[in-house]
Each structure stands twice: as structure tokens, then as C-alpha cells.
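Comments concern the structure below.
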Amino acid sequence: MNRLLVIAGPTASGKTALAVALARRLGGEIVNADSQQVYRGLDVGTAKPTAAERAAVPHHLLDVAEAGEGMDAARFAALADAAIADVAARGRLPIVAGGTGLYLRALLHGVVAAPGRDAALRARLEEEAARLGRPALHARLAALDPDAAARIRPNDLVRIVRALEIAAGGTRPSELYARHAFREDRYAARLLALDPPRASLHARIDARVAEMFAGGLLEEARALAARFGDALPPKLPIGYAEAIGCVRGELQLAEAVRRVQVAHRRYARRQVIWLRRERGVEWIAPPFDADDLARRVENG
């Protein structure tokens, strides 16, 4: 079983910088576990590692898919497995860095064996969501499987559609998850989660979002709008819909910045809640001392 170090935590908590620092000290390479950083061309709005960080330490699973291309936890886990095996085979330490809970869970504990995808049904459900609204599909799921609906936010179209797709095959999604229970340990993983105080995290989030809008997010949004027109991908990373609204003249810049700051703060809260439910998490309070953490990792 391959040894693995995982650096998790809420957005803007400093995962990337710490992962790079630890990789340099421990002879590691970084495997991305951020569901939005896999997409090419979405760099500023997803806070990808800088060119300097990527030059300092090898990174894997960045820019492996096109915007709008399907990427789910199962595909991510398969790609990550291959990257981790490659890093370990060269005598390096794989360091998984990211805050996407579904991806981390799939990698560490496996994925649920669910019925295959039905492209026609998915297209029909997505059309209904566009016509009736996502909450209408969520309500339909709640009628079929209240437990599954309770675990999915009413605006999370990707997960709602997948749950309805499973239910259409005669299986309750909640029963599938209950049977799996994510008990399997696929790696000898040490999971460190960064735990900054809420006030300082919110300040970092607000500053980062302002920097995104000043540092190229609008240009990325303009390129997306030119590429896709009115047929934008249904699940863009946080901030791109608002930035596209700005470049189209539908939203004032200050209001767009405010909305994205709020969205990132809410996302950070969900990430923390997710990690609190996971087993084996070591919470790390600031300051995040890379030398101290490297010694702790080396000493087991």
C-alpha cells in the first residue's frame, strides 16, 4: 500500500504554499485534488499554483481536461491512482493537495459501484432543470429518496441529476452509499487539514477574490463567453458566472466581487463541515510551519 500525504482544508487556507514547501523538504511531488484546477484555461479563477510553484515542484492533474468536459470523482480517482503510482515508483513522496471532498473520499476510500450513465436521460433532466429550475429536480429527488436529497444542495445540478439517474434504474442512491460506507482504506494516507480562524480565512478569501478580478479573471471569463456563447457549461467554477456577467454588462464589478466573496466563504464552510465528518483527519492550526510539519511526517 503506497504511502501518501494529503494536505486538505478550506479554500484560501494556504494548502498550495504548504504543499510546495513540504514537497521540497520531503522529496515529494504534488497531485492536485481540486475539482476545478483540472480544467485548462481556468487558471486565475481557480487559484492554480503559480508558474514559480509549478517550476519548484512537479505537479500532476492540473490542466488535464477542457472546460465543459465531464470530470467526476471516479475518473479523478483513476487519474490520481496512476499519478501516485508514477511518483512512488520513482522513490518520491506523493502529496495530494486540494479541498474537493468527493475527490478525496473517492481516492482514499473508493467509489460507489453505481449503475452506468444514461446520456439521453441526463440530457432530458438537464433540459428540465433549465426550464423548471434546479430546485424542482431536487424536490423530485426528495420524493423518491429523502435521505439522498438531504445530502445534496438544491442547486447542485450534477449530483441531483446523477441521483435521479440512479433512482431511475430502480435503486435508491442512499442505499448504495450506505452499503459502501467508505470503509476501505486504499492508501496508507496521513491527512492533514488546515484550520485557520474564521475571521482570518474570510479576510484571505476576500483579498484573493479581489486579486482574481484585478489579475485576469475577467479575461478568462471573456474567453469562455466567446467560446461557448449562450451554451456555457452547466457547472463553472465559483466566480466565472459573475465575471461573465461583468464582461457582458449585466453586472457591476463591485457587485460581482461581493457575490463571489460570499460564494467562496460559503464554499469554505462546506469544505470544513465535510472534513469534520471524515475519519483520521489531523487538524493543523496556524502558523503552518513547514519545517515542523516535515519533521512530524518523517517521524510518523
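The backbone N, Cα and C atoms fix where each Cβ goes, glycine too.
Per Swiss-Prot, the stretch carrying the note region 'Interaction with substrate tRNA' among 34-37, 170-173 is 34-37.
Residues of the region 'Interaction with substrate tRNA' (34-37) grouped by DSSP class, helix first, strand second and coil last, total 0 helix, 0 strand, 4 coil. Note: the CA-CA distance between Ser13 (ATP binding site) and Thr100 (site 'Interaction with substrate tRNA') rounds to 13 Å. For the recorded substrate site, residues Thr11, Ala12, Ser13, Gly14, Lys15, Thr16 set the reference point as the centre of their Cβ atoms, and the other residues of that chain within 8 Å of it by Cβ are Gly9, Pro10, Ala17, Ala47, Gly99, Leu194, Arg204. The number of other Cβ atoms within 10 Å of the Cβ belonging to Lys15 (ATP binding site), over all protein chains shown, comes to 25. Taken together, the residues in the region 'Interaction with substrate tRNA' (34-37) have a mean pLDDT of 96 on the 0 to 100 scale.
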